[in-house]
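Feature annotations, reproduced from Swiss-Prot:
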DOMAIN    3-215  domain 'ABC transporter'
BINDING   Gly35, Pro36, Asn37, Gly38, Ser39, Gly40, Lys41, Ser42  ATP binding site
Amino acid sequence: MRLEAENLAGERGGETIFSHLSFTIGTGQALVVTGPNGSGKSTLLRIICGLLAPEAGEVKLTEGTQIVPVRAACHYLGHQNAMKPALSVRENLLFWQKFNGGEALDIGAALEAVDLAGVEHLPFGYLSTGQKRRVSIAKLLVSHRPLWIVDEPTAGLDKASEARFAELMREHMRQDGMIIAATHIPLGLDGAISTTGNGLVRSLDMAAFSVEDIA
């Protein structure tokens, strides 16, 4: 599987914030997107997964000679956790598992993977900020999608949870998954995966594509 972005431009509020942005990632690879606040990290991720239309350029996901819809192949984890506060943790994850299809881990195993065993019955709204984020990470595990697009995924996590998520990302890559992550802090991926195999972590600094710099 291969994801290509060619000459992308993105805008916010009618103003172009980045342009001439291109990259390619393949099976078992990750792209870590960095840059200052307002540089377009979140806008880029929303364009890639199809939530926003690009101002220019295109995004294409292929498997062999077949074009694959990105929305059908990706998990998107944004700033919001996209969970119903009144529903239990299990009910929320079950909804996303059925909605996304391609069942992977069962809900109990996914919660164990994020060190939240025993909270299935609790309303999501009862959880702490860090626990809510970990449940949202568990959403990535209960149904299989080859491409993870995650925006500040470690927001609200403690150091132990950050390390745990880094290992989940590495495992996803070892299983031929792809990751695009926007972050302002290290995610624990750089240098963690050998570049002699499929695993390869690349970085993209949005500041290099700002309209001010290009002008």
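Glycine is no exception: its Cβ is also placed from the backbone N, Cα and C atoms.
Feature map: annotations from Swiss-Prot on the structure.
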residue: Gly35; record: ATP binding site; Cβ neighbours (10 Å): 20
residue: Pro36; record: ATP binding site; Cβ neighbours (10 Å): 12
residue: Asn37; record: ATP binding site; Cβ neighbours (10 Å): 7
residue: Gly38; record: ATP binding site; Cβ neighbours (10 Å): 12
residue: Ser39; record: ATP binding site; Cβ neighbours (10 Å): 20
residue: Gly40; record: ATP binding site; Cβ neighbours (10 Å): 28
residue: Lys41; record: ATP binding site; Cβ neighbours (10 Å): 23
residue: Ser42; record: ATP binding site; Cβ neighbours (10 Å): 20
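Residues Gly35, Pro36, Asn37, Gly38, Ser39, Gly40, Lys41, Ser42 make up the record's ATP site, and a Cβ search at 8 Å around their centroid adds Ile17, Thr43, Met206 from the same chain. In this structure, Asn37 (ATP binding site) belongs to neither helix nor strand by DSSP; it is coil.
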